[in-house]
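According to Swiss-Prot, the features are:
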{"type": "BINDING", "residues": "12-18, 40-42, R306, 332-334, 414-416", "note": "GTP binding site"}
{"type": "ACT_SITE", "residues": "D13", "note": "active site, proton acceptor"}
{"type": "BINDING", "residues": "D13, E14, G15, K16, N38, A39, G40, H41, T130, R144, Q225, T240, R304", "note": "IMP binding site"}
{"type": "BINDING", "residues": "D13, G40", "note": "Mg(2+) binding site"}
{"type": "ACT_SITE", "residues": "H41", "note": "active site, proton donor"}
{"type": "BINDING", "residues": "S300, T301, T302, G303, R304, P305, R306", "note": "substrate binding site"}
Amino acid sequence: MANVAIVGAQWGDEGKGKVVDIYTEYADDIVRFQGGNNAGHTLVVGNEKVVLHLIPSGILHEGKRCIIGNGVVLDPEVFIKEIVKLKESGRLTDDSCLLLSESLHIIMPYHKRIDIAREARSGDRKIGTTGRGIGPCYEDKIGRRGIRLMDLLNRDVFARRLKEFLVEKNFLLEKMLGEAPCDYDQILEEYSGYAEVLRAYMADTALIINNDLQAGKKILFEGAQGTLLDVDFGTYPFVTSSSTCAGGVCTGSGVGPRHIHEIIGISKAYVTRVGSGPFPTELFDADGDRLRDAGGEFGSTTGRPRRCGWFDAMVIRYAVRTNGLTGIALTKLDVLSGFDSIKICTGYTLDGKALETLPSAPEAFENCQPVYEELPGWNADISGAKSFEELPDSARAYVKRLEELAGCPIVLVSVGARRDQTIILRNPFL
């Protein structure tokens, strides 16, 4: 028996959705434990592309229980739209296979309004927020001013808490951000309508997950964003507002750490980042444009073009250490086909001195200079490779070198967007 956590090993957008989709076959429950609809998973099933922002990727498999845990912040409108779309396509036929934690926090209209207004006033200090209200919702959770799902489903409690909190939120919007206030009656009616839909999905998910663990079922924990966006261990302040690392599994789902047997970090064969913040290997030349175009590097949530750069072994070693990774799933190796040579960042220098790890201060991180080694590329189309041995010699050498630099075994190699374009070297569930 194995329970597996999936986390991003870079700055998000590493291809977690595809890997989760593959591993779902071996799991009974798929659990999201942090984040909100600021992340998007893009899955290609046959010739169909499916983009999910809240509902776990496992929903595309019949007979699997998908759980959105207490560590997630939920936009009811987005969740309901995803449900409707899945039902219309015949992919959600049993509501009992999708559960929401009664303790998760609800994103309110004022969270989104505040998020957008703050970013607009930030000038050249923009974080790069998606404007979905994620950060302000987590602020209220920590400040004990949040509205949980269980509160939303009790109209009297919801009305009282909304009225209390809206006084402060409207003061902030009007007096400090120069925005129009939110309307109490409008929010009350709109969200009371959402509550009736959400009621069918609410449960004590921590209890359910632990009961399933006791029964010997296999759990797959699905992370969002990436290690370098973690609120504590990421490139602060250019981070998200939740714990994206493996430690967030426990607090975001209600399970103890002894139940997590494998932690798989997802990494592209190069690096991308959306929004502001340090990125030592970022490319501003034709190679960067080529990676962006070949990899389709545009955000599934925002549509923004992603910043692209060469593989950064410093980042991956940091992710291995911070998460305790037991394996790495390497995605988008096929995007590198056609490059005459490929660079790998093996270390950084700062003011002429070699660094042992990533600097904590963003100002120092911004000034880091990457140290590169160069490997020969390959011209063959590898998207049809079914085994590691079928890859060109230089592609195999590249993967092996990344594994050496990471200090962690590569357990999966993705050579295309489809499920069947995957080489599994070791299955963490078996």
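Placement of Cβ uses the backbone N, Cα and C atoms for every residue, glycine included.
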Seminar exercise, completed: As a whole number of Å, the Cα atom of K18 (GTP binding site) is distant from the Cα atom of G303 (substrate binding site) by 19
Problem set entry | Secondary structure at L333 (GTP binding site), reduced by DSSP to three states | helix
Seminar exercise, completed: Of the binding-site residues listed (N38, T42, T130, Q225), the greatest number of other CB atoms within 10 A surrounds the CB of Q225
Exercise. Secondary structure at K18 (GTP binding site) (DSSP, helix/strand/coil)?
Worked result: helix
For this session: Let me know how many other Cβ atoms fall within 10 Å of the Cβ of G40 (IMP binding site).
Result: 19
Seminar exercise, completed: Minimal Cβ count within 10 Å, across the recorded positions K18, H41, R304, R306, points to R304
Seminar exercise, completed: Least Cβ-packed of the binding-site residues G12, G15, G303 (other Cβ atoms within 10 Å) is G303
Exercise. Taking D13, E14, G15, K16, N38, A39, G40, H41, T130, R144, Q225, T240, R304 as the record's IMP-binding set, what's the max Cα pairwise distance in Å, rounded to a whole number?
Worked result: 34
